[in-house]
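Chemist: Dropping the structure in here first, questions after.
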Amino acid sequence: MLAAIVLAVIAIGCVHSQTELTLPPLPYDYKAYEPVLSEKIMRLHHDKHFFTYMNKTNAALKAMFVDTKMDGKLKEIAKLPIEDILTQLQVLPDQYHLALRHNGGGYLNHRFFFSILKAPTATVAENKPTGDLLAAIEKSFGTFEKFHELFSAASVNLFGSGWVWLYVDARTNQLVLNFTANQDHPIMFDKNNYVVMGIDLWEHSYYPVYENRRAEYVDNFWRIVDWNVVGKIFTERPIKRSDL
């Protein structure tokens, strides 16, 4: 009986508290990505940059939770998962809109990015998708090689800082390739867009290893994409498989 009461109290507390983001660990050891990405850059990128986005997002959510504006709506939004919060930026006051667009977007983007990486293969050629994901890529782009070419070109030529994404477009239910600036995420433009792959093109993600050689970073990125994870993300997306 006592255990049940304790669990009920915990559950009630969770329902009434604001979202508090945590820092997921890397799926591999920091050194596992070498020589594509060094231990130093992985510690800097994951433990410093990702950590900072998390802290600033949590600070914004904490402020929203106690903010009495909008008849309590801010408090309710602050309880939502970060993915849902980022689809409602347009209703937030500027101070929260900007803080969450930059930092909440940074948190979500980095959480996703680190989840799809693995230890590098010896060559790019031996690391390719299979199954339903490969079939969908071929349907949208003709061949995997053509998709590889287009994704790499978009990544190398992206001006400034941002991301290049492969995602299921909400309007067409087809895989598309597109980019966002800064820390924007495709769900900010349509809540039903569903990302399956992305590359971080902020200089903090590659400059300590590659300096200004972004093309070399993009070339090597293909060696560390975990296609098993990406394929699982694709097949488990919350839309009908027959849509693609």
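Here, residue 1 is simply the first one shown, and the rest follow in order.
Placed from the backbone N, Cα and C atoms, the Cβ positions cover glycine too.
No curator has checked TrEMBL annotations; they are predicted automatically.
Below are the features listed in TrEMBL for this protein:
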type	residues	note
SIGNAL	1-17	signal peptide
DOMAIN	22-117	domain 'Manganese/iron superoxide dismutase N-terminal'
BINDING	H45, H110, D200, H204	Mn(2+) binding site
DOMAIN	129-231	domain 'Manganese/iron superoxide dismutase C-terminal'
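Show me how these features fit into the structure around them.
Modeler: Secondary structure counts, DSSP: the domain 'Manganese/iron superoxide dismutase N-terminal' (22-117) has 71 helix, 1 strand, 24 coil.
Spatially close to D200 (Mn(2+) binding site) yet at least six residues away along the chain are H45, N109, H110, F113, W163, Y206, judged by Cβ distances under 8 angstroms.
Shown for the domain 'Manganese/iron superoxide dismutase C-terminal' (129-231): DSSP residue counts in helix, strand and coil, namely 48 helix, 22 strand, 33 coil.
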Chemist: For H204 (Mn(2+) binding site), what residues in its own chain, 6 or more apart in sequence, show a Cβ-Cβ distance under 8 Å?
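Modeler: Non-local contacts for H204 (Mn(2+) binding site): L44, H45, H49.
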Chemist: For the recorded Mn(2+) site, whose residues are H45, H110, D200, H204, find every other residue on that chain with a C-beta no more than 8 angstroms from the centre of their C-beta atoms, and list them by sequence position.
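Modeler: Going along the sequence, the neighbours come out as H46, H49, F50, F113, W202, S205.
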